[in-house]
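Visitor: So TrEMBL lists these for the protein:
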DOMAIN    1-179  domain 'Plant heme peroxidase family profile'
BINDING   P21  substrate binding site
BINDING   H51  heme b binding site
BINDING   T52, D99, T102, D107  Ca(2+) binding site
DISULFID  C58-C84  disulfide bond
Amino acid sequence: MPAGRFDGRVSLETEALQFLPPPFFNLTQLVDSFKAKNMDEDDLVVLSGAHTIGVSHCSSFTDRLPPNPSDMNPGLTRLLRSKCPVSPNFTNDPTVVQDIVTPNRMDNMYYTNLLKRNVLFISDAALLTSGKTATKVMENAFNPGSWEKKFAKAMVKMAAIELKTAANGEIRRNCRIVNK
């Protein structure tokens, strides 16, 4: 990421999700949300690969588990059913890894998992609903090293969205802490 950019003076956890597409978006909704930020389908498919790391609350994907219809791999469905309550709620909403193969490695395994239907979200599965995005998924799955380079470029592009200026931001001395 380029250094010397302005960051906001306030960071609120409650505001973070409002700028991310929710896990239940279909492909049209995903593409539209990316276009609204001047990003394209390539960026969508590449940045979705970030789901190769991290965890998700069960409530974000239980709509894909039985008795609901889903194209999720039955083996993954069984695993998730063993870890997630039927009706997750505020006091009982465990987390599971998003990448069941390499959960702690930033790699292109997300795309292999996607092709095997081993992904959690509707928004992940949606990438296989058009020939154009499905082709991009396959390219990222089968070309080692290619996704990582594309991901780095897409992150820089995304970081340039709605840049802060001196009037509404600051260059932080420590990127994780607001200056005093």
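Backbone N, Cα and C define each Cβ position, glycine as well.
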Visitor: By a 10 A CB contact count over all chains shown, which of the binding-site residues listed here is most packed: D99, D107?
Guide: D99
Visitor: Going along the chain, which residues six or more apart from C58 (disulfide bond) have their CB under 8 A from its CB?
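Guide: Long-range Cβ contacts: L80, K83, C84, P85, P88, D93, P94, T95, V96.
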Visitor: Within a 10 Å radius of its Cβ, which of these binding-site residues (T52, T102) has the fewest neighbouring Cβ atoms?
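Guide: Fewest other Cβ atoms within 10 Å, among the binding-site residues T52, T102, is found for T102.
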Visitor: Cβ within 8 Å of the Ca(2+) site's Cβ centroid: which residues qualify beyond T52, D99, T102, D107?
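Guide: Apart from T52, D99, T102, D107, the close residues are I53, V101, P103, R105, M106, N108, M109, Y110, N113.
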Visitor: Distance between H51 (heme b binding site) and D99 (Ca(2+) binding site) at the Cα atoms, whole Å?
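Guide: H51 (heme b binding site) to D99 (Ca(2+) binding site), Cα-Cα distance: 7 Å.
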Visitor: Can you give me the Cα-Cα distance between T102 (Ca(2+) binding site) and the residue listed as 'substrate binding site' in Å, rounded to a whole number?
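Guide: On Cα coordinates alone, these residues lie 24 Å apart.
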Visitor: Taking just the CA atoms, what is the gap between D99 (Ca(2+) binding site) and P21 (substrate binding site) in Å?
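Guide: Here the two Cα atoms lie 19 Å apart.
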Visitor: Within the chain of the residue listed as 'substrate binding site', which residues six or more apart in sequence place their C-beta under 8 angstroms from its C-beta?
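Guide: Expected: Q29, L30, S33, F34, S123.
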